[in-house]
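Worksheet for the structure shown next.
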Amino acid sequence: MKTPSSLDFLTEALRRLPGVGPKSAQRMAYHLMQHDRDGAAMLGRALSQAVEKVQHCAMCNTFTEHEVCETCLDAERNPALLCVVETPGDQLMIEQTLTFKGLYFVLMGRLSPLDGIGPKDIHLEKLISRATDGIVQEVVLATNFTNEGEATAHYISETLKARGLKVSRLARGVPVGGELEYVDAGTIARAMLDRRTT
């Protein structure tokens with residue numbers, strides 16, 4: 001059976017989503033066309049609107065519909081604290097903890113020389129400019145604890161320390177509610193090394 005080209009195009013478009021392979025994309029496309037055409041139309045409108053309206057904040061590089069995002073404009077925030085994250089999703093997770101009251105800088109990625117991603121690709125010059133504006137007192141590195149995230153944190157830390165800035169890193173350890181029996185040895189080791197007095 002020859003599939004309609006429009007359906008093939010939809011399937012290929014859905015494959016661009018992370019974690020969606022050819023079979024999942026095909027199932028989604030067929031579901032939308034067979035059971036939820038209104039949902040498909042809404043999805044199309046939402047994607048078009050987001051692509052048209054969402055841009056990067058001129059100050060922190062996160063997603064916004066304005067030149068400067070609401071977080072950067074919030075007078076209640078401490079401009080002396082700058083938290084560096086890899087993605088807007090990481091920023092959202094930190095915001096949901098209600099523990100950080102400073103400002104952010106979103107890298108939109110992480111260093112990965114094997115993938116050809118260098119300092120320019122993660123907006124390092126923009127970060128340095130922001131961090132050395134005379135207002136920022138401390139930069140909190142909240143990159144992920146992957147090899148690339150660690151390399152990114154190290155590179156940024158060395159770069160900013162050389163300019164006289166105080167740089168800190170998120171602590172690592174046992175998750176809240178986690179039982180040691182189910183935590184991997186690397187996490188327990190890091191928690192032991194990063195322990196603090198109470």
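Just so you know, the numbers here start at 1 and follow the chain as drawn.
Including glycine, each Cβ sits where the backbone N, Cα and C put it.
Counting residues 6+ beyond its ends, the zinc finger (57-72) has Cβ neighbours under 8 Å at 88, 91, 95, 103-108, 123, 126, 130 in the same chain. Positions annotated as zinc finger by Swiss-Prot: 57-72.
If you look up Swiss-Prot, you'll see 80-175 marked as domain 'Toprim'.
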Average model confidence [pLDDT] within the zinc finger (57-72): 98
